[in-house]
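K.L.:
So that we are looking at the same thing, I have put the structure below in structure tokens.
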Amino acid sequence: MKTNQQPKAVIVIFGATGDLAKRKLYPSIHRLYQNGQIGEEFAVVGVGRRPWSNEDLRQTVKTSISSSADKHIDDFTSHFYYHPFDVTNPGSYQELNVLLNQLEDTYQIPNNRMFYLAMAPEFFGTIAKTLKSEGVTATTGWSRLVIEKPFGHDLPSAQALNKEIREAFTEDQIYRIDHYLGKQMVQNIEVIRFANAIFEPLWTNRYISNIQITSSESLGVEDRARYYEKSGALRDMVQNHIMQMVALLAMEPPIKLNTEEIRSEKVKVLRALRPIAKDEVDEYFVRGQYHAGEIDGVPVPAYTDEDNVAPDSNTETFVAGKLLIDNFRWAGVPFYIRTGKRMKEKSTKIVVQFKDIPMNLYYGNENNMNPNLLVIHIQPDEGITLYLNAKKLGGAAHAQPIKLDYCSNCNDELNTPEAYEKLIHDCLLGDATNFAHWDEVALSWSFVDSISETWAANKTLSPNYESGSMGPKESDDLLVKDGLHWWNI
């Protein structure tokens, strides 16, 4: 493996002038270069509709990575090239192929090509098919296709898109990116579970009461309103990011730590999810939309007052739900999920609540005890907190809650890789473990479609939670009726 730690490839970015490329892709490639994870045998070709030059792209790259801190920035950006492009014109692909061949000769790259689609999804199928038909993927090295979400709008559209792409690329060449799978603590879920004897035997319905996943954002829709109006929180967050976390939390131990075995176990979880019938949606799921309020003391508008949002919009900006997994390990254990915009804070965390001990001798009027909790902090802080009960200081045998903390990103000297940095490097190495397989995508869409169809038919949603809160009251009621509550810790 060490001989391949500096992969040699040309990275072609479709949508090179866009926001994702500037915010995430260019800084991530730069960090890989700085850290020696890619050497000098690489090139990046940015394609887009704008009539840019190589220098225009290089200046954009410098701006996006705060280049003043890197004295080698010109060496880095010299690897970047721009190619004006029309995705519907076969001639553009032929010209691109000529450029790629030239760059592979210049940088001694063995015909390895990574195509990153960071643009509007309606062009994904066209690009994939034309790359093949014009011979851009016909190389002696490898060709890989990286696809950003959304992968379809529902199961039928996802199936149609997958069929188009599979005409040009095989499944093992397709890397469907979910940046949550690149986050360090999401990847740490498997290690916490399978490398610790104090957790692995307890990770069942015998000892776990419930699992809660919260992914909250304090921002509103910002400049994504046009996309969000078609998507909503269910499609934007639940179908991909949250379903992936559920699968990692619930999967059986894989036979080996390789791509095929891990994906296989995740697929089994998604197959075991209890489907939500349309007449049960209101029992298991809650939706919300933010109205005006304050975030950190600053007034913010309601969703329907945001730019490019219809004043009578029925789009949900909040989702909470109860998921049940019908298998031997998890029967009877609810997985509660919630995600939303304009909430109290930006935070993603997982809370595993363990069951109480039968006839606990320390429950009583003098004791303020909580159940044992394992909290996995995904962002912005990355770490683990374990909540236990211990004896109070003093003579009486009274107990009190205590916590044990580990923070993985609190050390300023530790340069934690960004999610995109890790995923781009994984793709260059051919490691698809942290990318979504088609089976996972299809099963996730199959689960959420009945919910989205029910909500689409019932256009009664109105703003029902204040900006700066943790969501609508109905979200709390979802747990209260089960004798539980959200752990806001």
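These residue numbers are counts, starting from 1, taken along the chain as shown.
Placement of Cβ uses the backbone N, Cα and C atoms for every residue, glycine included.
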K.L.:
Where Swiss-Prot shows His179, Lys183, Asp236, Lys341, Lys346 binding substrate, which of Glu200, Glu217, Glu252, Glu260 is named for the same site?
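P.N.:
Site partner of His179, Lys183, Asp236, Lys341, Lys346 for substrate, according to Swiss-Prot: Glu217.
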K.L.:
If one measures from the C-alpha of His179 (substrate binding site) to the C-alpha of His241 (active site, proton acceptor), what distance in angstrom results, rounded to a whole number?
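P.N.:
Per the Cα atoms, His179 (substrate binding site) and His241 (active site, proton acceptor) stand 8 Å apart.
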K.L.:
Three-state secondary structure of Ala21 (NADP(+) binding site) from DSSP?
P.N.:
helix
K.L.:
CA-CA, which of the recorded positions Lys183, Glu217, Asp236, His241, Lys341 lies nearest Arg49 (NADP(+) binding site)?
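P.N.:
Given the candidates Lys183, Glu217, Asp236, His241, Lys341, the nearest one is Asp236.
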K.L.:
Neighbour count, 10 Å Cβ-Cβ cut-off, for Asp19 (NADP(+) binding site): what number do you get?
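P.N.:
So the number of other Cβ atoms within 10 Å of Asp19 (NADP(+) binding site) is 11.
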K.L.:
Would you count the other CB atoms within 10 A of the CB of Thr17 (NADP(+) binding site), including those on all shown protein chains?
P.N.:
19
K.L.:
Non-local Cβ contacts of Val87 (NADP(+) binding site) (under 8 Å, 6 or more apart, same chain)?
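P.N.:
In sequence order, the residues whose Cβ lies under 8 Å from that of Val87 (NADP(+) binding site) (at least 6 apart) are Phe14, Phe123, Thr126, Ile127, Thr130.
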